[in-house]
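Quick notes on the structure that follows.
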Amino acid sequence: MHMHKLERIWLIFGTSCLVIFLTVIGVSAFYLGNKPPSCLTTVNPETVGQEKPFNEPGLHKVDGKDWEYELVFVASTFSYSPAQVEVPLGAKVKVIATTKDVIHGFEVAGTNINMMLEPGYISEYTTTFNKAGEYLIVCNEYCGAGHHLMYSKIEVVK
Amino acid sequence: MVTSTAAKVKVDPRDAKLSMAHFFVAFSALALGGLMGLLQTLVRSGKWELPWGIDYYQILTVHGVLMGLVLTTFFIMGFQYAAVSRTTGGHSNAARRTGWIGFWVMLVGTLMAATMVLLKEASVLYTFYAPLKAHWIFYLGLTFVIVGSWIDGAAQIMTYARWRRNNPGKPSPLLSFMAVINTVMWIIATLGVAATVLFQLLPWSLGLVPTVNVLVSRTLFWYFGHPLVYFWLLPAYMCWYAIIPKIIGGKIFSDSLARLSFILFLLFSIPVGFHHQLTEPGIDPAWKFFQVILTFMVVIPSLMTAFSLFATFERYGRSKGARGLFGWFKVLPWGDARFIVPFIGMAAFIPAGAGGIINASNQMDQVVHNTIWITGHFHLTAATSVVLTFFGISYWLVPHLTGRKLTKAMNKLAIIQGWVWFIGMAFMSGAMHFQGLLGGPRRSAFSTYGGSEQAAEWIPYQIAQAVGGTILFLGIILVLIIFVNLAFFAPKGEEEFPVAEAENLEEKAPMVFENWKLWLGIAAALILFAYTIPFIDIIQNAPPGSKGFQTWSKW
């Protein structure tokens with residue numbers, strides 16, 4: 001099988017770019033810790049409302065951890081609990097969320113917080129809120145008739 | 001538009017009938033699915049509401065199922081069936097009968113699923129994620145569609161196998177080889193969705209089991225969901241590699257490399273489903289990243305394809321005396337719809353592919369996951385690159401099969417159709433991409449999200465989508481006019497089924513390309529490597545199962 005010289009150059013160039021690209025992504029994920037949300041903890045979706053930390057949705061100050069606050073959300077058709085929450089500016093926050101029923105999305109518009117909520121699984125993402133203002137949380141996975149009415153708000157305050 | 005007087009080889013009229021049966025279903029799906037698409041963009045503009053209790057998510061389900069599953073599968077099977085017939089000298093009676101059985105099984109399945117959607121018993125979108133629980137007839141209908149497509153595909157494989165038996169030691173005709181690669185990939189891929197439907201969703205919707213393992217079901221779905229998009233794309237590649245060169249009057253740059261790129265697609269299209277599940281809990285990030293790497297392997301055959309196509313164009317242009325770095329570009333047959341309509345599709349694949357690289361990249365996906373950026377992305381890949389190529393194919397294939405001719409007037413209308421599509425999609429897909437970057441979610445009806453300032457910024461983009469959607473719907477009307485003309489009213493005549501020859505006829509494709517044991521073995525090894533351990537993890541660490549929910553609006 002014959003390969004034209006220019007095609008060989010083209011493919012070597014393209015494949016080298018690909019290797020560099022994948023290395024950058026890999027280093028970013030596993031050395032710098034920018035992995036997509038992939039929490040492996042499970043929970044019983046039927047009793048999630050009685051279990052810690054989901055029995056008390058909202059912002060909680062924590063001590064002795066790598067983050068200062070835990071922000072707990074419980075999703076169910078077609079709302080999030082809490083429906084609105086205030087977060088201090090510059091706080092390092094671990095967002096912990098799950099769903100009581102069907103699959104929901106958890107996207108904080110304008111940030112990198114974007115994760116799937118699946119029944120039986122806990123989704124987590126740690127981030128710092130560096131800009132004051134109101135952030136909209138939208139459900140970005142179809143969950144039924146009121147899917148587009150499902151939202152919550154994070155107010156980042158000084 | 002055909003001026004060539006060379007001997008024409010025709011698809012056997014009995015095979016033509018079966019292909020046309022597929023196309024009637026495909027273009028009916030386009031008509032109805034296109035109307036649904038228009039209505040969706042109008043609803044989301046916030047300026048209009050659906051009448052008579054019709055629900056946004058119901059028409060979204062109709063649009064997704066008809067465009068993503070029915071139009072594509074029926075068109076592809078019809079096209080590949082004709083391509084195999086044309087390049088092998090026709091199907092046997094047994095293969096033809098098999099093809100018809102497959103066609104009817106698919107059609108019955110489609111009608112079963114469609115009925116349930118119309119009755120609002122299955123507003124679960126075309127991805128039907130558990131624990132949303134549709135009526136069992138919906139899942140059974142989907143099973144029929146899948147099994148029907150296997151039977152339909154078996155007809156192509158039977159004819160390919162017969163050709164190989166009759167021509168020992170010879171490489172098979174390129175188009176037949178490509179069609180069989182795509183069919184084989186489809187069969188391997190659909191095993192995943194068949195498994196979740198048959199073993200999880202069907203028993204669960206019938207009440208035989210109380211709960212479903214959601215993550216297993218999603219993982220099996222996405223094992224199928226990504227090769228699904230390559231199943232759409234490869235027939236377009238068949239046209240670009242093996243048909244377009246003939247239309248422009250050039251040659252295939254390299255027959256062997258075309259085959260190699262198809263084999264690479266077979267190997268690297270399947271073990272990659274996790275890149276649709278990057279933001280999901282319950283899957284180890286190392287395995288996600290491993291599948292991200294495999295996902296990016298398709299960059300290599302894509303680069304090969306881009307090189308081959310433009311090499312063909314340039315060589316043809318230079319043979320016509322074109323000079324300078326880009327002089328060859330001007331002499332391409334810009335007045336021929338059979339060329340320019342797929343060419344617009346090819347051009348759209350450049351930004352579409354770049355967007356795909358973003359989506360599949362581990363971290364960047366977090367910015368765009370499930371935003372309307374994704375919808376914009378696959379309206380460039382599937383709904384422009386693939387679909388415009390399919391339209392371009394039908395503009396010569398339909399008259400070829402019905403014994404008619406593509407007239408000058410229809411050719412002109414087809415070119416207008418291509419540009420209308422381009423303009424409509426630039427508005428719609430462009431606005432979707434921008435809105436997605438701002439966080440606007442996909443698959444959502446109009447909403448102000450409680451007067452949110454962020455959501456207010458999305459609305460102008462939604463209006464732009466409605467403008468684009470309206471232009472695209474005009475494009476669909478043009479396609480339908482041309483299709484009906486070519487099927488029933490165009491003047492009788494001979495329209496060529498263009499099949500290109502390789503530039504170098506001396507160079508035979510290596511026979512190792514036809515060694516199915518080898519390629520299926522490697523494909524299976526890659527799939528097992530990418531999925532076995534994470535899949536066992538998912539099952540072993542599973543939470544309690546989910547009962548079913550019906551959260552959509554009912555009649």
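Heads up, residue numbers simply count up from 1 along the chain you see.
A Cβ is built for glycine as well, from the same backbone N, Cα and C atoms used for every other residue.
For reference, TrEMBL has these:
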DOMAIN    B:17-555  domain 'Cytochrome oxidase subunit I profile'
TRANSMEM  B:21-39  transmembrane segment
TRANSMEM  B:59-79  transmembrane segment
TRANSMEM  B:100-119  transmembrane segment
TRANSMEM  B:134-153  transmembrane segment
TRANSMEM  B:174-201  transmembrane segment
TRANSMEM  B:221-244  transmembrane segment
TRANSMEM  B:256-274  transmembrane segment
TRANSMEM  B:289-313  transmembrane segment
TRANSMEM  B:339-358  transmembrane segment
TRANSMEM  B:378-398  transmembrane segment
TRANSMEM  B:458-488  transmembrane segment
TRANSMEM  B:518-536  transmembrane segment
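Within the same chain, the transmembrane segment (B:174-201) packs against the transmembrane segment (B:256-274): three or more Cβ pairs sit under 8 Å, each pair at least 6 residues apart.
Residues 236, 239-240, 244, 247-248, 296, 299, 302, 309, 332-333, 364-365, 368, 373, 376-377, 380-381, 384-389, 391-393, 395, 414-415, 417-419, 421-422, 425, 433 of the same chain lie 6 or more positions beyond the ends of the transmembrane segment (B:339-358) yet place their CB under 8 Å from a CB of it. With a cut-off of 8 Å between Cβ atoms, the residues of this chain six or more beyond the transmembrane segment (B:59-79) that come close are 18-23, 25-27, 29-30, 32-34, 36-37, 39-40, 50, 102-103, 106, 110, 113-114, 117-118, 122-127, 145, 149, 152-153, 182, 228, 231-232, 235, 382-383, 386-387, 390, 393-394, 397, 443. Summarising model confidence by region, the domain 'Cytochrome oxidase subunit I profile' (B:17-555) averages a pLDDT of 93.
Using the rule of three or more Cβ pairs under 8 Å, pairs at least 6 apart in sequence, the transmembrane segment (B:378-398) is in contact with the transmembrane segment (B:221-244). A Cβ distance under 8 Å defines the sequence-distant neighbours of the transmembrane segment (B:518-536), meaning residues of its chain 6+ beyond its ends; these are 184, 188, 216, 219, 223, 263, 266-268, 270-272, 274, 283-284, 287, 290-291, 294, 512.
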